[in-house]
Amino acid sequence: MTKDAATGSSFMVRSDTEGDARPEGDAPPEGDTRSEGDTRPERLVGGEAEVPGRRARPAFRLLVTAWLRRRLWRTVLLLTGGLTVKGKLPKGGCVVVANHSSHADTAVLLAALSVARAPRVAAAADYWFRNRVRRLVCSVLAAAFPVRRHGGGYSDLQAIAGPMLRAGHAVVVFPEGTRGAGRVGTFRRGAVDLAVSNGVPVVPVALSGTAELLPKRGRLRPHAVRVRIGRPLTSPDADTARTAVLELLAEIRPRDSRVRRRIARLAVSWKGLGLVAAWSFTEALSWPLLPELALAVLCVAAPRAGLRLTVSAAVASVAGGLVALALYSGTSVDLPQPLTTTRMHTTAQKEIRSEGARAVRHQPASGIPYKVYAAEAGRAGVPAGEWALRSTAARGERIVGVGLVLTLIGVLTQRWRRFFPQYLIFVGVAFIALFTLVIGSWR
């Protein structure tokens with residue numbers, strides 16, 4: 001893996017030679033009976049030829065560091081949408097070829113591939129290893145080794161990755177040459193040449209979701225990632241390896257709900273932000289449906305918009321409470337407040353008279369709507385500043401807490417997005433049941 005100067009994206013170096021995978025001038029050792037086209041090294045064990053890397057196992061300390069990296073990246077991916085892996089690597093060394101669309105690809109592969117193969121990744125020497133800090137981070141966190149990209153790259157790859165393959169490592173290469181933009185590009189031949197010349201298989205791997213997780217020139221966004229490890233290929237050409245990756249990609253493309261996609265488009269737009277703000281503001285005055293209901297739909301449909309939707313709901317709700325306070329303070333205004341009861345108003349009135357603005361702290365647990373407390377606080381002449389402070393601590397904190405939990409649910413359930421319509425039905429039924437129970441308890 002190397003970096004192109006314009007974008008910093010990774011690419012696989014090609015063979016230094018056009019035809020043979022061996023560096024020019026190299027010849028089979030004297031006494032080698034293999035055919036001229038067979039470049040696989042072999043050694044005799046008990047009278048039988050053994051392909052290097054097939055029975056080898058990386059050193060114990062390398063297995064430990066591979067396990068630590070795997071734990072690290074799996075934890076990160078769990079918090080950013082989850083990781084699903086299907087398939088496994090063969091025993092012994094192998095060259096892993098995968099589609100490349102994001103800088104997150106390396107981390108995903110380190111989390112997905114077997115610790116027993118202690119995966120290593122080829123990286124551009126002039127980019128990832130150009131200073132001490134990058135060199136340390138790349139080596140420790142990405143298990144990378146340097147490869148020149150301007151002349152001699154394939155020789156570097158053979159010199160460094162060859163012994164790794166024969167020691168049983170999986171060496172990761174991205175043969176496209178750069179991060180793709182929605183499609184898998186042409187595979188260059190360096191990866192398959194490396195595998196053939198070292199007598200190890202090529203393992204095609206498909207990655208889905210990394211472009212959404214960390215887009216090219218974009219920021220990290222929560223998204224589920226899927227990895228499909230294919231069957232080993234013996235001495236394939238570059239086109240065969242690419243076809244295998246494409247077939248695996250077709251198998252793991254996640255299914256989604258059209259309803260969810262439409263709601264997600266609304267959630268990430270300014271219209272969605274305005275809808276949540278208007279919903280929360282009017283609920284503090286008269287609207288009977290809690291802002292948490294809107295968040296339960298929008299934050300789960302589009303968790304990347306969850307934080308701003310949640311903050312918008314909290315701010316708008318407190319603002320609506322202040323407007324309600326002003327309307328009910330010293331005026332005869334009496335806005336309709338459907339789905340509230342006389343007992344709710346009586347209880348809120350007693351608490352406001354006894355505790356002042358502090359009484360709003362009872363609202364989240366009592367089931368009495370925020371608008372009831374705001375109306376009674378206005379009638380009691382509670383100061384606006386104190387009301388804003390206490391409302392933010394009570395109502396605002398609850399909305400933020402619920403919104404963040406719903407956003408996390410949206411992140412962790414991305415692999416099941418095809419069931420979003422069923423989720424909406426569940427939310428609707430649960431809300432009606434809970435609402436009926438609360439109102440019934442205050443009659």
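Positions of Cβ are set from backbone N, Cα and C atoms, glycine also.
Automated prediction, rather than curation, is the source of TrEMBL annotations.
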> Pick from 111-128, 291-308, 399-416: which range does TrEMBL record as transmembrane segment?
Replying inline: 399-416
>> Counting only residues 6 or more past its boundaries, what in the same chain has a CB within less than 8 Å of a CB in the transmembrane segment (399-416)?
In response: 78-82, 84, 222-224, 226, 254, 280, 291-292, 295-296, 299-303, 306-307, 309-311, 313-314, 317
>> Quick check on the domain 'Phospholipid/glycerol acyltransferase' (94-210): DSSP residue counts for helix, strand, coil, in that order please.
In response: 50 helix, 25 strand, 42 coil
> Excluding the flanking five residues on each side, which residues at least 6 beyond the ends of the transmembrane segment (309-328) place their CB within less than 8 Å of a CB in that stretch?
Replying inline: 267, 272-273, 276-285, 291-292, 294-295, 298-299, 335, 370-371, 373-379, 382, 384, 387-388, 391-392, 395-396, 399-400, 402-404, 407
